[in-house]
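These features come from TrEMBL:
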| type | residues | note |
| --- | --- | --- |
| DOMAIN | 5-119 | domain 'Response regulatory' |
| MOD_RES | Asp55 | 4-aspartylphosphate |
| DOMAIN | 131-204 | domain 'PAS' |
| DOMAIN | 207-259 | domain 'PAC' |
| DOMAIN | 341-393 | domain 'PAC' |
| DOMAIN | 394-464 | domain 'PAS' |
Amino acid sequence: MSKGKILIVEDESIEALDIKQALESFGYEVPNIATSGEDAVELALDIKPDLILMDIILKGNTDGIAAAAKIKELNIPVIYLTAYSEESKVNRALLTEPYGYIIKPFDRNELKYTIELAIYKNKMEMELKISEEKYRRLAENSKDMIYVMSIPDGNYLYVNPAVEKIIEFSPEEFYKSTRLLKSYIHPDHRDYYKKTWKKLVNGETQSAYEYKIITKSGKEKWLNQRNTIIKDNEGNPIAIEGTVTDITKRKKIEESLKKREMDFNIENKKLLRAQRVAKIGIWENDLSTNDLLWSEEMYRIMGFEPNTHVNLVDVTKLFPPKEFKRFQQAVDAAINKNSPYSIDYKINKQDGTLIYIHDEGEIIRNHEGKPISMFGTTQDITERKLAEKSLKESESKFRNLVETTPDIIWEIDTHGIFTYISPQSNSILGWSPQQVIGKSIFSMIRPEHIQKIRKSFQTHIEGTKKFNVLEVPAEHRNGRHIVI
């Protein structure tokens, strides 16, 4: 079975045949050999190979580098083959982001492993791209605002398009100003929000909180916000991922329900309890009959026809067995301990659709202390759960890619201090990530080159002269001079 298709682009027939025989001995299929840059582009479109071995110097008007630049849009990895190593050609070739660069005459083992690594790396990049695209579509099509903010500086790293409908500010406006957040909080809620935000920055989280805002056009809205703290390897908070839902309609429905409850002389104590818990769908369960009293939102969440009679037995049938056991344990604990319960679980709607639910409830007792009913709220958190799952999967794939690539991947702050470096630092530099993080990059550069490299970094940070590739004369832990 073939390990994949490889297109050879080489205008020397004897050398092309030698390469073809080597590739076939490795288990690859070589369906065609292109002798010019024009042929290479045409064949790449036609056969869609898994990899292209491209000679830089070709006959005709299009050399290998120009051909690779056109082929780049097809996401086909390219490895350059050349007998020349002129710096100008190398620099020009690097602009096409090749997956390898082999000098002729080539070593068969070097060729074999360079190809295997290139195909594997391309596969991982494509899987990561698909995963990120899936999460991006989910985030950008979500009705909820989804954002990522770095802390403690408060810079927004990502804001999805839903923010324009919810708060009426564009993502670009959030990217430009860290103070925009404070400008739309309703005056009555600024102190509360300030205290909550201070806890978040310090790494303290609460499952959700609600507050009122004033939109760009002057409308008042209620928002429900859920946050997750992202921490570095040392446990320090570095960013916040959050989801914000417009609950204005829900708040109006809840207010309407309160008025209806008052019209029917529902006890004031029940109204106070309704204000305490986070409400979306509101329900009451008569423990003597197991009959359920639902708000309109509850009917919508569970998929029942509005105002139909619903019994606890009807709902029990919708639980997956393990989920019902967890739910029953939470209810039993609430009854035995005389305390409210709060639980997330999966349940099937009446039409069979599986959804995620956040449920909060408490026991109502008579004057003798006997449980007579249960009262609580139910929230559909399906979109949030799916978004969180997609984000975790994307992060996991990216982390695996970083930790398995043979190159060093690193991150430094504006002072040149390492904030991250991949495990490959062990083999390339002789230092483990734990030994490198927190140290200055300049401590690894040979002294006579520090000033030059520092200047290159400074102009890059200031934006006056950016670089994509920079050769840095460094020292291995054992004192050996290396270039990275």
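Quick reminder: no glycine exception, Cβ is built from N, Cα and C everywhere.
Remember, TrEMBL labels are computer predictions, not curated facts.
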- Query: Where, among 5-119, 341-393, 394-464, do we find the most CB pairs under 8 A to the domain 'PAS' (131-204)?
  - Reply: 341-393
- Message: Looking only at the domain 'PAS' (394-464), how are its residues distributed among DSSP helix, strand and coil?
- Response: 40 helix, 10 strand, 21 coil
- Query: Reported in the order helix, strand, coil, what are the DSSP residue counts of the domain 'PAC' (341-393)?
  - Reply: 12 helix, 30 strand, 11 coil
